[in-house]
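Participant: Mind looking over this structure? Questions follow.
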Amino acid sequence: MYPAHLLGLLAVCVSLLGAASIPPLPLNLYQFKNMIQCANHGSRMTLDYMDYGCYCGTGGSGTPVDELDRCCKIHDDCYGEAEKLPACNYMLSGPYYNLYTYDCVEHQLTCKDNNDECKAFICNCDRTAAICFAGAPYNKENYNIDLNKHCQ
């Protein structure tokens with residue numbers, strides 16, 4: 001099979017999985033994305049949060065520009081605390097690589113009891129952030145801002 005065919009097949013499979021409401025893909029960032037979609041009822045695309053304010057997306061510095069950006073800073077800080085946990089500080093066990101289990105029922109997020117200490121901590125970081133995102137207003141003027149100007 002040609003690589004282009006494999007990519008097409010993969011795209012179809014991923015689309016079908018999403019359409020069938022099958023549980024999220026087992027990758028932490030996909031889990032976080034799906035938590036955000038659960039909490040905000042799918043009202044905003046997850047990519048809208050990727051380059052927002054000073055803290056939503058990669059890195060972060062300065063003072064958060066608004067409530068939503070504060071949610072991202074709190075999430076970043078929470079992941080920083082997770083990395084300090086002995087259960088989370090070995091290779092491929094940190095917040096970006098550890099897979100946890102959770103439920104989304106009627107837009108309510110619950111981290112499951114079968115998570116170990118590290119997974120439970122990370123799940124709660126993501127859960128808290130997703131709920132925070134859902135409750136914070138989205139200000140379009142804070143998307144893709146000049147970080148050198150606004151985030152020092």
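Every residue, even glycine, has its Cβ placed from backbone N, Cα and C.
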Participant: Quick one: which of Cys88, Cys104, Cys132 does Swiss-Prot link to Cys118 by a disulfide?
Facilitator: Cys88
Participant: From the candidates Asp76, Asp77, Asp103, give the one listed by Swiss-Prot for the same Ca(2+) site as Tyr55, Gly57, Gly59.
Facilitator: Asp76
Participant: Around the Ca(2+) site recorded as Tyr55, Gly57, Gly59, Asp76, what other same-chain residues have a C-beta within 8 angstroms of the site's C-beta center?
Facilitator: Cys54, Cys56, Thr58, Gly60, Cys72, Lys73
Participant: Other Cβ atoms within 10 Å is the metric here; tell me which of the binding-site residues Gly57, Gly59 scores highest.
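Facilitator: The residue with the most neighbouring Cβ atoms within 10 Å is Gly57.
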Participant: For Cys132 (disulfide bond) and Asp76 (Ca(2+) binding site), what Cα-Cα distance in Å is obtained after rounding to a whole number?
Facilitator: 13
Participant: Given the recorded positions Cys71, Cys72, Cys88, Cys125, Asp126, which lie within 10 A of Tyr55 (Ca(2+) binding site) by CA-CA distance?
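Facilitator: Near Tyr55 (Ca(2+) binding site), where near means Cα within 10 Å, the recorded positions are Cys71, Cys72.
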Participant: Quick one: give me the count of other CB atoms within 10 A of the CB of Cys118 (disulfide bond).
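Facilitator: There are 21 of them.
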Participant: Rounded to a whole number, how many Å is the Cα of Cys78 (disulfide bond) away from the Cα of Asp126 (active site)?
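Facilitator: That comes out at 9 Å between the alpha carbons.
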